[in-house]
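What follows is one structure encoded as structure tokens, with my remarks underneath.
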Amino acid sequence: MALFLPSSRLLLRKTTDVKFLTPRRNRVKEKWAATRVKHPPTRLALQHFDATYGTQLGDLWPSVRVALLTEKKYGALLNNFSFDVDVGITDLQAQRCRDFISDIHGGAEPWEIGGKNQTSGADGNDQQLSPPTLSPNIKCYVFPRGDVTRFKPARPDSHGLLGYYLMDAASVLPCLALNVQEGHTVLDLCAAPGGKTLALLQTQLVRFLCVNDASISRTSRLRKVLHSYVPKQFLTDERVRITSFDGTTWGEIEKNTFDRVLVDVPCTTDRHSLMEDDNNIFSKSRTGERRRLPQLQAELLLAGIQAACPGGEIVYSTCSLSLNQNLSVVEQAVYLAQENFGIQLQVVNLRALTKMFSDTFCFAPDLHLGEMVVPHLAANFGPIYFCKLRRLANMECMEEIPLKAEDFKSCFACSFRSVL
């Protein structure tokens, strides 16, 4: 009888499903194994940044990488609409904070990157630039360099308005670069969650502000933020208009209208992509959306250019280090504005502005278009990229030397070749 029994080895070979031979307590449910995330979005983002920014930033990338993976620093944007604004100032000063806008040189030396001092540009002619005139009303408090203390929560006044708004202090720079003057009309094309909108209102110079965001849910959040900081009488339709339109079509809605336009576009939000798996644009389900970002950004900037009146100024900004989302987008929009609409633009040199705040922020060296705050452990703000364009009027086009479409034609042709 034993001659006709197969061996145990033969039995195992003939068994196609060995789970029945595994004790029940040691079995792994197939559903769990199928839904387990093998490569979380944060890891995919870090791999992408190592490959892209390692080449782009060179020796600067290791220190920037460490800073991006570390808790960022905040700034406290003072709310001038609060009825306890003096109490708020006293409270912030008691925390050893300083207003980096009015206290231009807070006792620290300007940063040096790659042996180059940030107070001078690549051409060495930036010393001739006069410092910009900033509104004395806008104030943003930060802790000293190297101090990683967290701000205390803002307290409401007797009318329920909070004393200050916590945000990345570098995010205020695009608003300062916009250089809003008394009586200006301003468009904030991608306004949510509302930090830059609040900064523009703090200048107390805006005659009319239009704030827009394509997302209805983000617009709802924007409304809540404004109502937490601004009295209702200042949020009337005559002063502030909140809309939720597709920003890429704004050139068809209101063109040649606004004195100043802020275009703070959706981007890869580098810090969030490295720190949070939730709502991460590096999720595999959002790959197509991420690859389309430069196209969307160029369309938004082009719409902002059209919305500006002749002689008006536009500031483009992102919170990404990506060249494809920063310089390349500006080059594309400038090319398309002239080719498709006959709009001529001039890049405004912002080196004088960055020189004023070189003791607070770490700026990337030698960008040929715009300025960028790069994270650093001792001043862990950013990343923030911003570039300012001026739309030339007809007479100015004859007197000035505007940017030519030919200058950006090659960039436009190859800008989308690399995959984000």
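Here the Cβ of each residue, glycine as well, is placed from N, Cα and C on the backbone.
As recorded in TrEMBL, the features of this protein are as follows:
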type	residues	note
ACT_SITE	Cys319	active site, nucleophile
BINDING	Cys190, Ala191, Ala192, Pro193, Gly194, Gly195, Lys196, Asp213, Asp246, Asp264	S-adenosyl-L-methionine binding site
COMPBIAS	116-133	compositional bias 'Polar residues'
DOMAIN	89-392	domain 'SAM-dependent MTase RsmB/NOP-type'
REGION	112-133	region 'Disordered'
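Taking the features listed in TrEMBL, we show where each one sits on the structure.
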residue: Cys190; record: S-adenosyl-L-methionine binding site; Cβ neighbours (10 Å): 22
residue: Ala192; record: S-adenosyl-L-methionine binding site; Cβ neighbours (10 Å): 24
residue: Gly194; record: S-adenosyl-L-methionine binding site; Cβ neighbours (10 Å): 26
residue: Lys196; record: S-adenosyl-L-methionine binding site; Cβ neighbours (10 Å): 25
residue: Asp246; record: S-adenosyl-L-methionine binding site; Cβ neighbours (10 Å): 13
residue: Cys319; record: active site, nucleophile; Cβ neighbours (10 Å): 22
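Maximum C-alpha to C-alpha distance over the listed S-adenosyl-L-methionine-binding residues Cys190, Ala191, Ala192, Pro193, Gly194, Gly195, Lys196, Asp213, Asp246, Asp264 is 20 Å.
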